[in-house]
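S.K.: Provided herewith is a single structure, encoded as structure tokens, for subsequent inquiry.
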Amino acid sequence: MPRDIPQPDTDEIKALIAGVSDLEGPLLPILHALQDAYGVIPDIAQPLIAEALNISRAEVHGVVSFYHDFRTLPAGRHVVKICRAEACQAMGGAALGEHAQARLGVEWHGTTENGAVTLEPVYCLGLCACGPSAMVDGKLLGRVDAQKLDRIIGEIEA
């Protein structure tokens, strides 16, 4: 469910861009700085970045949409990431993902209506021997099944 996102002042964004635009390959540092400052990449920032770096808005958008840690919508208070890579899929990861979507009532990249939980796919958490794996608020979890996931979601929703 989309939520209202306060848009920062363009002068704030321009100052932030200027602060890191002299770095070699500044696009990623700029995006990280925006994400750190606002929790998202504000809509009004992409054309400002493109102008400052003399690149197209499509290039900026391509980078924002490619990297899964950049957000254009705010995340919920808790973020649940479920591994969708091959090793976890072989251990039941697809069923776990479907269960998570049904349990939370959201699709991938969705946030519950109360803003408590955002569900995201991730492609390899490095726990291939312990699949299916997940990450909840930055904490890695292995051998996650539906019951374990339900317990974790119950704890973070409380």
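Even glycines carry a Cβ here, placed using N, Cα and C.
On a predicted model such as this, the values are computed, not experimentally measured, just so you know.
According to TrEMBL, the record shows the following:
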| type | residues | note |
| --- | --- | --- |
| BINDING | Cys83, Cys88, Cys124, Cys128 | [2Fe-2S] cluster binding site |
S.K.: State the three-class DSSP label for Cys124 ([2Fe-2S] cluster binding site), counting H, G and I as helix, E and B as strand, and everything else as coil.
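M.R.: Where Cys124 ([2Fe-2S] cluster binding site) sits, the three-state DSSP reduction gives coil.
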S.K.: Starting from the [2Fe-2S] cluster site formed by Cys83, Cys88, Cys124, Cys128, give every other residue of that chain whose CB sits within 8 Å of the mean position of their CB atoms, in sequence order.
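M.R.: Neighbours found: Arg84, Ala85, Glu86, Ala87, Gly93, Tyr123, Leu125, Gly126, Leu127, Gly131, Pro132, Ser133.
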S.K.: Among the binding-site residues listed here, Cys83, Cys88, Cys124, Cys128, which has the most company in the form of other Cβ atoms within 10 Å of its Cβ?
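M.R.: Within the set of binding-site residues, the most crowded position is Cys83.
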S.K.: What does DSSP say about Cys83 ([2Fe-2S] cluster binding site): helix, strand or coil?
M.R.: strand
